[in-house]
Amino acid sequence: MTIMRKTHPLMKMVNHAFIDLPAPSNISGWWNFGSLLGLCLVIQITSGLFLAMHYTPDTLTAFSSVTHICRDVNYGWLIRYMHANGASLFFICLYLHIGRGIYYGSYSYMETWNIGILLLFLTMATAFMGYVLPWGQMSFWGATVITNLLSAIPYIGTDLVEWIWGGFSVDKATLNRFFAFHFILPFIIAAMAMVHLLFLHETGSNNPLGIPSDCDKIPFHPYYTTKDLLGIILLMAFFFTLVLFFPDLLGDPDNYSPANPLNTPPHIKPEWYFLFAYAILRSIPNKLGGVIALVLSILILALLPHIQTAKQRSLMFRPISQFLFWLLVSDVLALTWIGGQPVEPPFIIIGQIASFLYFAIILILMPIAGIIENKMLKW
């Protein structure tokens, strides 16, 4: 008799995706982050659903409803901090996942990579709108500053901003629509993640060597389910340490003050996971130029498959490109630090150098390194 998981229409889909899936035998712990991102999404949707039961998207009561969740709702403080820190965890896993994709040349799978970039944009939009909902000082001013950037778009900019705001400033209409979008987008992200997986399973996983692994495959279960389980245990240990011992470590103290349109905070800045892009935005004195650079800082990932010059896919045996990759990682960390600093010397010039370096490494230095390494193969 045939096993039920191989015949039942629904179980057959799960079986092909997570049980009998042929996987390369040599993929390392860096391949864990896909499943960890799935876990983060489940945590966010679940905790967000319970928060939405008590939250009111109204300028007069939003802040007090969040306070009510933390003080009066049973384990409300835990749900709220799990949701807030879950976003940080999501982005940590997301950036590591992208970093692994760049290092091992996973961007060669064009469809999977492009869906991944779309997922990154959707996640950033969701996180931004979620940050506005508690209606604290940094929520309000962050929303005002970031949405105002759209006014830099020629001709339609001002109309577009007022259309998004639902008025002439960030107000009740803005909060309401941001809540609606913040609620629906995670489900769209979940659907897109399914498409991401669908495209990945068309080609099969990449591996650290960057060479075809058709001759040496092993079933996903039990080998990689147990490996993923170890990643989940470690991630949860880190997550609950953050939530239970340092819940406000990654937040902004300004968000514990209710939103006040008449009082601007001295340093308006987004959450830590957007600081690198925010630093790139601020490093260009022109508003439109800054907005273009901001979008390109993420969209540049879509160019990677087209500017790949090396004959080897992975960076595992390419020392020059390895050096440039870690220089890029250091540069992104430097930009993250700069994004949280005030706009004054020496931070301005450091930010400008780091921003230039970010684009130069990806667009100029890495393709040149690939050509040099091709020549080295002949020596």
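From the backbone N, Cα and C atoms, a Cβ is placed for every residue, glycine too.
Swiss-Prot lists 33-53, 77-98, 113-133, 178-198, 226-246, 288-308, 320-340, 347-367 with the feature transmembrane segment, giving similarity to another entry as the kind of evidence. Feature annotation from Swiss-Prot assigns heme b b562 binding site to His83, His182; the stated evidence is similarity to another entry. The heme b b566 binding site feature in Swiss-Prot is assigned to His97, His196. Positions annotated as ubiquinone binding site by Swiss-Prot: His201.
Known features from Swiss-Prot, placed on the structure.
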{"residue": "His83", "record": "heme b b562 binding site", "contacts (Cβ under 8 Å, 6+ apart)": "Gln44, Ser47, Gly48, Leu51"}
{"residue": "His97", "record": "heme b b566 binding site", "contacts (Cβ under 8 Å, 6+ apart)": "Phe33, Gly34, Leu37"}
{"residue": "His182", "record": "heme b b562 binding site", "contacts (Cβ under 8 Å, 6+ apart)": "Gly48, Thr126, Met129, Gly130, Leu133"}
{"residue": "His196", "record": "heme b b566 binding site", "contacts (Cβ under 8 Å, 6+ apart)": "Thr112, Ile115, Gly116, Leu119"}
{"residue": "His201", "record": "ubiquinone binding site", "contacts (Cβ under 8 Å, 6+ apart)": "His16, Ala17, Leu21"}
**Study point:** the transmembrane segment (288-308) versus listed stretches 113-133, 178-198, 226-246: most Cβ pairs under 8 Å
**Key:** 113-133
Review point. When each of 33-53, 77-98, 113-133, 226-246, 347-367 is checked against the transmembrane segment (178-198) for Cβ pairs under 8 Å, which one has the most?
Key: 113-133
Practice item. May I ask for the residues of the chain that lie six or more residues beyond the transmembrane segment (347-367) and have a Cβ under 8 Å from a Cβ within it? Key: 279-280, 282-284, 293, 296-297, 300, 303-304, 307-309, 321, 324-325, 327-328, 331-332, 334-335, 338-339, 341
**Study point:** Top Cβ-contact partner of the transmembrane segment (77-98) among 33-53, 113-133, 226-246 (pairs under 8 Å)
**Key:** 33-53
Review point. Helix, strand or coil at the residue listed as 'ubiquinone binding site', per DSSP?
Key: helix
